[in-house]
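K.L.:
Below is one structure. I have some questions about it.
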Amino acid sequence: MCWGQGSYGALGLENHGSYSDSPAPIPTGPIDLAKALSIGEYHHCVILNDDSLVCWGANSVGQVGVGDTTFRASPTPVTLGSGRTAKAVALGYYYTCAILSDDSLSCWGSNNGGQLGVGDTTNRNSPTAVSLGSSTVKAVALGQSHTCAILSDDSLSCWGQNNYGQLGVGDTTNRNSPTAVSLGSSTAKAIALGESHTCAILNDDSVKFWGYNYYGQLGIGVWMGNENPPSGLSPVDLGSGRTAKKLSVGQHHTFAILDDDSLVGWGINTNYQLGLGDAVSKNRPQRV
């Protein structure tokens, strides 16, 4: 079910100019049970109950993954390769990545910053394998134009746009192929990406953030960004004895569910997105 603005077929309702002010069923064909959904700027993807992948919406740079750049107003099957299905799908601003049934990673769509991780900056309109050497992928997260993946050994690799140090590799140079991120003696349990900032829950359930911080979205008590590798960063202070169970990240703000099941948020708050009763941005975690 989808509702809201339907520009470029974003609602999957076959009429690309439509909108819906109440939940409307998406016509997915003979198999209409969804297992997972991911939403991008103007394109969406669903993993169906047979683990196939369908996508629809804006497709100007091939982000739907169907071999062309024509928008799709209804769910369209994406070919993932012989015998391969989708285990997970994630959408960025104008690009898409999927973890396949063999735990490999394929990406497609916009690649202006190298965010597809395929060794160049050429857009792709169909799924293209990301080379990870002998490693496979456990999790992937997409920002506006940067990508991070937790690999099979729980290490972290990132690639793509790096103008604010969001890759965590110690500089602001873009990378067009997966690049190891130093976590010191720690490993990664979960990752989440904002427009230009990156968050990781480590194996001790502490959290570290790096990249763009104009709105305080790193939660470190200042308004300056950080391009240093995570291994040299201090964990975000979530409160005495508190650790993180889950992260959810918006464009410039962050929420965390803590070990006591409480909720904290920080970052931009000009439209009350933190739910704190005011419109003041916060640079440290605030209990909601």
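A Cβ is built for glycine as well, from the same backbone N, Cα and C atoms used for every other residue.
TrEMBL annotations: computationally assigned, not manually curated.
Copying in the features that TrEMBL gives for the protein in this structure:
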REPEAT    1-50  repeat 'RCC1'
DOMAIN    2-288  domain 'RCC1-like'
REPEAT    51-102  repeat 'RCC1'
REPEAT    103-153  repeat 'RCC1'
REPEAT    154-204  repeat 'RCC1'
REPEAT    205-260  repeat 'RCC1'
REPEAT    261-288  repeat 'RCC1'
K.L.:
What is the number of residues in the repeat 'RCC1' (51-102) that are helix, strand and coil, as DSSP sees it?
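P.N.:
Its residues fall into 0 helix, 23 strand, 29 coil.
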K.L.:
Could you break down the residues of the repeat 'RCC1' (205-260) into DSSP helix, strand and coil, giving a count for each?
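P.N.:
Going through the repeat 'RCC1' (205-260) residue by residue, I get 3 helix, 18 strand, 35 coil.
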K.L.:
Over the repeat 'RCC1' (1-50), work out the mean pLDDT and round it to an integer.
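P.N.:
Within the repeat 'RCC1' (1-50), the model's average pLDDT equals 71.
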K.L.:
Within the repeat 'RCC1' (103-153), count helix residues (DSSP H, G, I), strand residues (E, B) and coil residues, in that order.
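P.N.:
Final tally across the stretch: 0 helix, 23 strand, 28 coil.
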K.L.:
What does the DSSP secondary structure composition of the repeat 'RCC1' (154-204) look like, as residue counts for helix, strand and coil?
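P.N.:
Helix/strand/coil tally for the repeat 'RCC1' (154-204): 0 helix, 24 strand, 27 coil.
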K.L.:
Could you break down the residues of the repeat 'RCC1' (261-288) into DSSP helix, strand and coil, giving a count for each?
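P.N.:
Going through the repeat 'RCC1' (261-288) residue by residue, I get 0 helix, 11 strand, 17 coil.
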